[in-house]
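Written below as structure tokens is the structure these notes are about.
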Amino acid sequence: ETLQRIVSTLVNKNDEIHNFIDMLNHTISNVQVNSSNAISELDEEFDGLYSVLHEMKGSMANTIQQEEARKIQALQDQLSQCSRALESSEELLELAVQSLDIKNPVELLEAARQIKDSVTVASAFRLSLKPKVSDSMTHMMVDFALEKRMLQAVKFLPVPKAPEIDVAACLVADNCITISWRMPEEDSRIDHFVLEYRKTNFDGLPRLKGEQRWELVDYIKATQYTLSGLKFDTKYMNLRVQACNKAVAGEYSDPVTLETKAFVFSLDSTSSHPNLKVEDTYVEWDPTGGKGQEKIKGKENKNRSNTASPKRSTNSPRASARGSRDRFAGESYTVLGDTAVESGQHYWEVRAQKDCKSYSVGVTYRNPGKFDQLGKTNSSWCIHINNWLQTTFSAKHNNKAKTLDIPVPDRIGVYCDFDGGQLSFYNASSKALLHTFRTKFTQPLLPGFMIWCGGLTVTTGLQVPSAVKTLQKSENGLGGSTSSLNNVA
């Protein structure tokens, strides 16, 4: 047996070595290919540089030639003027010499006067005997000393340093995370950033095992990014950032862990009314749910309303851990959440189908009677919408109702401050306050829903919106309704 173990160990080790050899050969091949690619890219970069220099040389040479032509033209124009003036001056000089031989004083005087007049207007005396342009071309000289030093300093692109996440500037609010970071030193070659994040239930640094995979957001140009539309179904989120230049990505920043805790629950199908079809966070009225069983089993089924329908899921771990309870029956048409509120501030939202005839949204203590309806006991609070014949909107508690003279919103937000003894309902879109119950909660609360002819969708994993927090600080001063049905339970 020992020898067999040794042989097995050697075989495994040989397999490992073979695999490692294959990996090394593959790596050598990749090094050769990547080196060839790098040389090709280097050739392309230098060819591009040569092309730019050649183009610049042609442009600057053309400028010198234009300057040469301008100067030569100016000098040639001046030379032509001098030649014409000299020719005129020589003719005048010959005439003057000839006049000296005239013997008649009168004729001599007349000739002298004509010569004087001609000399006065002669172009030779109006010429500037200074060149109009200089023969110097020093202003067309170039000095590439700085450029040469820059070219000599050209190196391979450096690997960017790891960014530093500014935890103080990060913000978690309204189911969004805004993360901000900075580079440890300025780097003009950074092209973009990459953000990675993943959900976790562990505080602190990321763990190697039991973690979800990283989600990636690429090509971020700024040093800040907002992740929106999140569902906070874990307690925390790990985030990290890396900087990338044109060729290479740097190391990731030290990861940070931000708290993203929110209230998450599903609907408890194990105790829901038989006329309700429940799937995780969706419930709809099913008129055949209870009657079908009665037709099959007759009167014997009356005392077995707590038996789960085979079509319904009974595998909820939270429901199983809490133990079984009687199904709702009669006209309660109720389903509860499978997770209790025992402390803190929580928020969730509910959307009803447009054709929903009647529904209630609220909370109840853990063990309501199976025939109880939300708002008709001193241990449950809700708002109720009735669209049968005419629309009514009311707040209910302890079998008392208060009419709410406001439009029914498409989505209803539920805010529960267990420790503060407050249950508020909001228009989930505008965050306008609909109604508030104030009391002292003495037992854990379960989200509760009643539905008749229609369906409800529940959205959980939501943080308390900033607008709701602001309204809570100002209490009821911004509108809405405070319950006159308050009852210290």
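Backbone N, Cα and C define each Cβ position, glycine as well.
All annotation found in TrEMBL is predicted automatically rather than curated by experts.
Marked as domain 'COS' by TrEMBL: 100-157. Residue counts for the domain 'COS' (100-157) under DSSP, helix first, then strand, then coil, are 30 helix, 0 strand, 28 coil.
According to TrEMBL, the feature domain 'Fibronectin type-III' maps to 159-263. Break the domain 'Fibronectin type-III' (159-263) down by DSSP state and the numbers are 3 helix, 46 strand, 56 coil.
Here TrEMBL flags 263-467 as domain 'B30.2/SPRY'.
Annotated region 'Disordered' per TrEMBL: 281-327, in sequence order.
Positions annotated as compositional bias 'Basic and acidic residues' by TrEMBL: 292-303.
If you look up TrEMBL, you'll see 304-318 marked as compositional bias 'Polar residues'.
In the predicted structure, the domain 'B30.2/SPRY' (263-467) carries a mean pLDDT of 85.
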